[in-house]
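Asker: A single structure is presented below for examination.
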Amino acid sequence: MKDKVRVPFSPDHPSCAPKLFTISAPAGAGKTTLVRMLAQEFPDSFQKTLSLTTRAPRPEEVSGIDYWFVSQEEFKQRLDSNNFLEWVLLFGEYYGTSRLEIDEIWKSGKHAVAVIDVEGALSLKSKIPTVTIFISAPSQEELERRLKYRGSEQDSQRQERLQHSLIEQAASNQFEYVIINDDLQKSYEILKSIFIAEEHRNVL
């Protein structure tokens with residue numbers, strides 16, 4: 001078995017101050033799988049933020065692990081209380097990132113990793129320092145194949161997501177890093193190298 005390597009972390013060095021990473025991608029591009037792999041290899045260095053959402057969980061999803069699944073009423077109450085650093089309405093459902101959750105991850109000495117949509121990532125970037133990463137499928141045909149294989153959307157929903165992916169793809173040039181996920185392991189190694197490089201980036 002290959003030994004797990006921990007990313008060096010020294011809170012006393014300015015380059016190692018906890019950071020916020022955002023990972024965005026069209027549905028089906030593989031961002032969730034890649035982030036899960038990262039969390040498994042580096043549990044002491046990185047922690048995924050949990051977005052709040054009003055959408056229904058998929059069969060394999062668990063509240064408190066994948067998202068915080070809440071009612072629209074609760075989401076709007078939190079929105080009125082200014083609990084969100086960013087929020088969006090996407091495909092008729094609300095998604096939001098809590099500033100408190102990011103702060104708690106930072107206090108634990110870990111980097112925060114937010115897996116959020118393109119609009120949310122760019123919104124965060126405009127408010128606080130953020131390392132932005134975009135994951136792309138190699139083609140629209142491959143993206144459609146993955147969505148069909150996932151089987152969590154009706155045909156009309158899948159087509160809506162595919163159309164939206166064109167908008168997301170067009171915004172990829174606003175991200176610092178772009179990974180084309182045509183091979184999962186290769187893409188993971190690229191993602192890991194980005195995190196390690198950012199861990200050692202000097203603050204000038």
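Glycine is no exception: its Cβ is also placed from the backbone N, Cα and C atoms.
Below, the features straight out of Swiss-Prot:
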type	residues	note
BINDING	Ala25, Pro26, Ala27, Gly28, Ala29, Gly30, Lys31, Thr32	ATP binding site
DOMAIN	18-196	domain 'Guanylate kinase-like'
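So that I understand the layout, could you describe where these features sit and how close they are to other parts?
Answerer: If you draw a 10 Å sphere around the CB of Lys31 (ATP binding site), it holds 23 other CB atoms from the protein chains shown.
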Asker: Near the ATP site, what residues other than Ala25, Pro26, Ala27, Gly28, Ala29, Gly30, Lys31, Thr32 in the same chain have a C-beta no further than 8 Å from the centroid of the listed C-beta atoms?
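Answerer: Going along the sequence, the neighbours appear as Ile135, Ala137, Leu143, Arg146, Asn181.
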Asker: Count the Cβ atoms, other than its own, that fall within 10 Å of the Cβ of Ala27 (ATP binding site), considering every protein chain shown.
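Answerer: That number is 23.
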Asker: Take every residue in the domain 'Guanylate kinase-like' (18-196), average their pLDDT values, and give the whole-number result.
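Answerer: Per the prediction, mean pLDDT sits at 90 for the domain 'Guanylate kinase-like' (18-196).
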